[in-house]
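Inspection log for the structure reproduced underneath, given as structure tokens.
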Amino acid sequence: SPASGWKLQHPSLSAVSGSPTPVPQLLLPSPPPTAAARQLDELLADLGHMQSKLASVGQGTGMPVEPSSSLDSMLGSLTQDLQELGITAAPAGVCAACRKPIAGKVLTALGKTWHPEHFTCTHCGQELGGQPFFERGGQAYCEEDYHQAFSPHCAYCAGPICDNVLTALDQTWHPEHFFCAHCGKVFGDDGFHERSGKPYCRHDFLALFAPKCQGCERPVTDNYLSALQGIWHPECFVCAECLSGFANGSFFELEGRPYCELHFHQRQGTICHGCGHPVTGRCVTAAGRKYHPEHFICAYCLGQLQKGSFREHGNKMYCQACHNKLFL
């Protein structure tokens, strides 16, 4: 009944309040009801009959019936009749939405009273009486619309963050959405590295972006040497032939690779055929081989040879006299 939820006060009773049941009832003593109480019951029955009749008329004609004005009129008549009987009827409150008295169930929220159907989400309009809601600026929101409008959003999925929020790279994230942009693994104790606004685990960051050693092509992360227009792990900067380091700090370059002096000259073909050491100064070339001048000697008498005055026999050099003596 529309009258449920009203508070009824009788001059002979002190602050007797009705319960939010369909029909307000007075808390009367056990003796038979008085004449005033019977008249009240008859009025409430008439009100229910009129409301049913109004609904049936609307269904029969197929025309919409506006119940609010008729209901207000009936409630006004009931109030007047009750006052004539000496009974004062007070509404449970005034609805903060429609500003009309609340004659049925009353909902209290945000420090105000509401018709239950009028306490709705500011954004989507759904009723909030039976579910949690959030308040912002004195207005009520359902949980979904509140988080969508006011909660931080995840930089990965763009969805609202309703519970735990992780802040990194000047952005907010769901904790489960903050992972390596390359391999997708959640970060461990090594933390993360940033590149172009994206997080990477240490392994992938080094593999993708760290400079590579010219020797082993692995990432260079700590100490390094800069040589031959590249960088090297110190242990990787060795002779490309014998893999020995450069103790005195000097090396020779050939086709972009470092060599020790011996193997550089060996590759260049500038090793003395007499002593087996590199020829770095004056050089004598004979029979397609190179010699230090002091090592260009007769294999028999060990006298120094002059270019153009020697003989070759069995891959050895001889002076003219020794050659003639030995082989002629």
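Even glycines carry a Cβ here, placed using N, Cα and C.
Those TrEMBL annotations? Automatic predictions, nothing curated.
Annotation source TrEMBL lists region 'Disordered' at 1-24.
What TrEMBL lists as domain 'LIM zinc-binding' is 93-152 (among others).
Per TrEMBL, the feature domain 'LIM zinc-binding' maps to 153-210 (among others).
Across the domain 'LIM zinc-binding' (211-270), DSSP classifies residues as 11 helix, 14 strand, 35 coil. According to TrEMBL, the domain 'LIM zinc-binding' annotation covers 211-270 (among others).
Among the features that TrEMBL reports, domain 'LIM zinc-binding' is placed at 271-328 (among others).
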The domain 'LIM zinc-binding' (93-152): DSSP-derived helix, strand, coil residue counts: 11 helix, 18 strand, 31 coil
Number of helical, extended and coil residues in the domain 'LIM zinc-binding' (271-328), per DSSP: 11 helix, 19 strand, 28 coil
For the domain 'LIM zinc-binding' (153-210), residues assigned helix / strand / coil by DSSP: 11 helix, 16 strand, 31 coil
